[in-house]
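Q: The structure under discussion is supplied below as structure tokens; questions concerning it will follow.
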Amino acid sequence: MASQQQLSVIKGAKVLMVGAGGIGCELLKTLALSGFQDIHIIDMDTIEVSNLNRQFLFRKSHVGLSKAKVARDAVLRFRPQVSITSYHANVKNQEFNVDFLKQFSVVLNGLDNLDARRHVNRLCLAADVPLVESGTTGFLGQVTVHVKGKTECYECQPKPAPKTYPVCTITSTPSKFVHCIVWAKDLLFTKLFGDKNQENDLNVRSSDPASSSDHAEDIFQLNKDETIEHYGRRVFDHVFGYNIEVALSNEDTWKNRNKPRPIYSRDILPEEPTKQNGNTDKNCATDDQSLISAMTSLGIKNPQEIWSLMENSRIFIEAIKLFFTKREKDVGNLAFDKDDQLAVEFVTAAANIRAESFGIPMHSLFESKGIAGNIVHAVATTNAIIAGLIVIEAIKVLQNDANNYRMTYCLEHPSRKMLLMPVEPFEPNKSCYVCSETPLSLEINTHHAKLRDFVEKIVKAKLGMNFPLIMHGAALLYEVGDDLDEDMVANYTANLEKVLSELPSPVVSGTILSVEDLQQELSCSINIKHRDEFDEEKEPDGMVLSGWQQTPLEKDDCNKTLGNGESTSKTLPSAPDADKYDDSDMVASGRKRKLDEAVNISGEANSSKKPEVLDDDDDDLVMLDDGDNGDPAINKKKRLQ
């Protein structure tokens, strides 16, 4: 039972929730049942079918509606006396600024991406409002408390960067099933059913002018008077046969690799169209085009079975037929959606055929959907536990009970006979550029790099600023805002295309730039160091920022990269929320944080590793590591006293 003091602070608190997903649904319910009277909730997402297994406030009839609004309405049905205000909007919108946050007693995060988390962290620091962060992945979960000046902020520790893969690995030398999924989803699916004019690294024609006419034109163009069956086989033979033979012609590539096997439709499927054993009438009858299914047409039922090469080939051809006959209006505008049954079937079949060619084990539709959709299958019970812990920490924050703040980690297996591991919060990191304003250092070729490169690759992509203002001394080089007049906009636009050393106030080695985000009320200084050359493989941006940590790419011999879900028209890694799933063990690479003696409640060092785990489609988790080689004193950090 809560004490009178706790009840008093609960009833008087004004709480902001950010996120109404897996954790958010549980959290809103728990807040309402705990006696909180004034709750505001922000979420830009709408409800999807895949949410329904764990986001219990939603029903099938709610698919497509605002998560924040539906969650509000659901809770008000059993707690009508509570004031709940919902915002179907992006928390990064300008209306949710520092002044907006100042009205709240505490902010509770249940977000699904690093960029938004960083943004909320900075707003909370500027508004001096405590933040309680959270995340879950399967049976693992965490709750952390961030109070300005007392504990570390969310960005005091580097976060794992999203996993990206060199384009040449995806297109030429895949070694993991996830490589095949990225190829099928982001290259082949996009080329067949998306924008055909989009730049794409898929080989669509022969590079040999003397080759047959079948490969002289864009192979993905459906010809007049051509049957869909013939078109599907032609695409099949090109991507799984001809392209593999072209790849095999480069003998140096395969000196230290297993050679792939070309696969042609004539070797797998009969010449005449395959007779269907399934129910084509069901595909004709459905009004929901996302439910049209090649599996249904072919009588294949179990999504957890691994299909044979023939079954994958039949699904591949049948999916193309259904897209061009039942969903012809969508072709040319489609993007992969994990809730689109036919899209998932096509990607699974294409990835499996490619995997078979390269000697990689095939996967079931269920497994493939998880990889393609970046799904780490969530556990509703974990979300409920974490939501309860969030409320416990929020009450401590409201009581200003700093001595009892805890970062709590929910474990899958008991450690020291505990499934919940409480840890005292760390003190602020003095080298954190966000909460300690430590200067950063940037190595860049000031004679070649333009201001636009600096803004896009550093200020926005790595520092996460949305409305940057860049100054060199008293000279304003760049600014973003709605209140700028036309002459100022034209001037700043012109500056973007200028080389750094040729700006009105030249940026050269030794220059100190001041960069500020007016919305986040965040500022930092960047020391510029000129450097003539960069390693194209290891430093593809052509600049290196010190004080900002990034996980390195897989080792390879090329510098273009793809994330699981990134457009192939880009050569840079995707935003931090792009890739959340590793097909082998779901453990992300990146730096681990250490637990010191304060964690060892039993008085014994525990050398077992708890991995860093990336977030699922709702929530984020970064687990701790309690010591290096059994020594908990290594990398010891100061804790809040």
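Note that Cβ sites are derived from N, Cα and C of the backbone, with glycine treated the same way.
A TrEMBL annotation is a machine prediction, not a hand-curated record.
Look at TrEMBL and you will find 5-433 tagged as domain 'THIF-type NAD/FAD binding fold'. Under the heading ATP binding site, TrEMBL lists 19-24, ASP43, 51-54, LYS67, 112-117. If you look up TrEMBL, you'll see CYS153, CYS156, CYS432, CYS435 marked as Zn(2+) binding site. The annotation active site, glycyl thioester intermediate is assigned in TrEMBL to CYS168. The feature region 'Disordered' is assigned by TrEMBL to 264-284, 559-641. Here TrEMBL flags 275-284, 561-572 as compositional bias 'Polar residues'. Annotated domain 'Ubiquitin-activating enzyme SCCH' per TrEMBL: 326-369, in sequence order. Marked as domain 'Ubiquitin/SUMO-activating enzyme ubiquitin-like' by TrEMBL: 442-534. Marked as compositional bias 'Acidic residues' by TrEMBL: 614-629.
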Q: Out of GLY19, ASP43, ASN53, CYS168, which of these recorded positions is nearest CYS156 (Zn(2+) binding site) by C-alpha distance?
A: GLY19
Q: Please report the distance from the Cα of GLY19 (ATP binding site) to the Cα of CYS153 (Zn(2+) binding site), rounded to the nearest angstrom.
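A: Roughly 19 Å, rounded to the nearest whole number.
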Q: Do you know which of the binding-site residues ASP112, ASP115 has the most other C-beta atoms within 10 angstroms of its C-beta?
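A: Counting Cβ neighbours within 10 Å, the top one is ASP112.
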Q: Are there any residues in the same chain, six or more apart in sequence, whose C-beta is under 8 angstroms from the C-beta of CYS435 (Zn(2+) binding site), and if so which?
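A: The list for CYS435 (Zn(2+) binding site) reads LEU125, LYS148, GLU152, CYS153, GLU155, CYS156, PRO428, ASN429, given in order along the sequence.
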Q: If I take the alpha carbons of CYS432 (Zn(2+) binding site) and ASP115 (ATP binding site), what is the distance between them in whole Å?
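A: Pair distance, Cα basis, whole Å: 17 Å.
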Q: Note the Cβ centroid of CYS153, CYS156, CYS432, CYS435, the recorded Zn(2+) site, then list each other residue of that chain whose Cβ lies within 8 Å of it, in sequence.
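A: Neighbours within 8 Å of the Cβ centroid, excluding CYS153, CYS156, CYS432, CYS435: LEU125, GLU152, TYR154, GLU155, PRO428, ASN429, VAL434, SER436.
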Q: If you average the pLDDT over the domain 'THIF-type NAD/FAD binding fold' (5-433), what number do you get?
A: 88
